[in-house]
């Protein structure tokens, strides 16, 4: 599955993206478009190959022999690669993508976790009220245009300043008339009436989502605080082998694991929650590259390239969810519901030779650490300590962005019923098909 993710991120999605770019710029034959797309995709394949080589041939355990030759060191690299069957190479590549997914989660998921529930609770403005305000704005702009154009009734030309003002007002008038058509279509649509009917249900879902978001944030804070207080520090990637400050999810998942498949149901719910909140964040913010806005996500008018970016961002965020679940429930990811018999306790219950303890308490007893088996997922996520350190600081950034987004979402008023549907830089070509989307 991880290999399929590498295939999609470094080959399939870039190829389709550049194919659509060439299709828009040149309406020539398909073969030339495929060749150009493959040429640009080779750059992504090269990056993937470099990541795999770095992960495969950078030794994690450097020998301490001072008299070892260069050939022995090179031989050690290939021995490690052969013994791990390429697992280190795949782990390094996936961890690199997970860091990018962490940045996307900080940008979109953290904001969506606050924006989605508060937008459900506050709702949108009334289409009829917005249409009335829009009509007043149209009349005001038309009157302003008439006043300016009345200056040239006697044949005198307008000044350059007045011409610029007329041009701005005409663009503003076109936008307002497009808003008028959108608002009229939404006001008459059955979907608007249905949303008004389920308004109480939206409020309930909004309250539920904000409670879940606060639960996740508190669990993430306690987990990071535990690492800050009890881990070995930056050089170890802030890794701890047990939990000293537990949280609700960390207690709940090991209990659910004893009854199949309750833990899988909860994990699936958590992943779907992250997907929905991420989509809400991308929908509200658009797709950005630093300070440059690349694409907007809008109903019925999203470009194919934007949809490909959306798929890639969601893919990377879901990839980062693997580490996010470890942060939320380290006991579940590390040991699951494992228990081991401790024979040194006294007194013991009648008929027993000792007490069964969960492996999450093994950190208190050093002699138990060798008995508790760490899961393969934990080893895969923590094969390189510097990625673990990056995830640790990323969790703090995630919490900070969520709190900032929560404050911003609380201060903002109700969203427009056509939020993001009409912008000044849009054309009128899709307004004739509003009935398809409303």
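Glycine is no exception: its Cβ is also placed from the backbone N, Cα and C atoms.
Unlike curated entries, TrEMBL annotations are predicted automatically.
If you look up TrEMBL, you'll see 5-20, 40-60, 87-111, 203-222, 265-294, 306-326, 385-408 marked as transmembrane segment. The coiled coil annotation in TrEMBL covers 159-186.
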Which residues, given as numbers and ranges, are at least 6 beyond the ends of the transmembrane segment (5-20) yet have a Cβ under 8 Å from it? 33-34, 36-38, 40-41, 44-45, 47-48, 90, 93-94, 97, 304-305, 308-309, 311-312, 315-316, 319
So what's near the transmembrane segment (385-408) in sequence-distant terms, Cβ-Cβ under 8 Å and 6+ beyond its ends? 95-96, 98-99, 102-103, 105-107, 109-111, 113-115, 118, 213, 217, 220-221, 223-224, 227, 234-239, 323, 327
Across the coiled coil (159-186) the predicted model averages a pLDDT of 82
Near the transmembrane segment (203-222), which residues from the same chain, at least 6 beyond its ends, have a CB less than 8 A from one of its CBs? 113-114, 116-121, 245-250, 273, 277, 324, 327-329, 395, 398-399, 402-403
Tertiary contacts of the transmembrane segment (87-111), as residues 6+ beyond its ends and Cβ separation under 8 Å: 2-3, 5-6, 9, 48, 51-56, 58, 60, 80-81, 274, 277-278, 281-282, 284-285, 288, 313, 315-320, 322-324, 380-381, 383-384, 387, 390-391, 394, 397-399, 401-402, 405
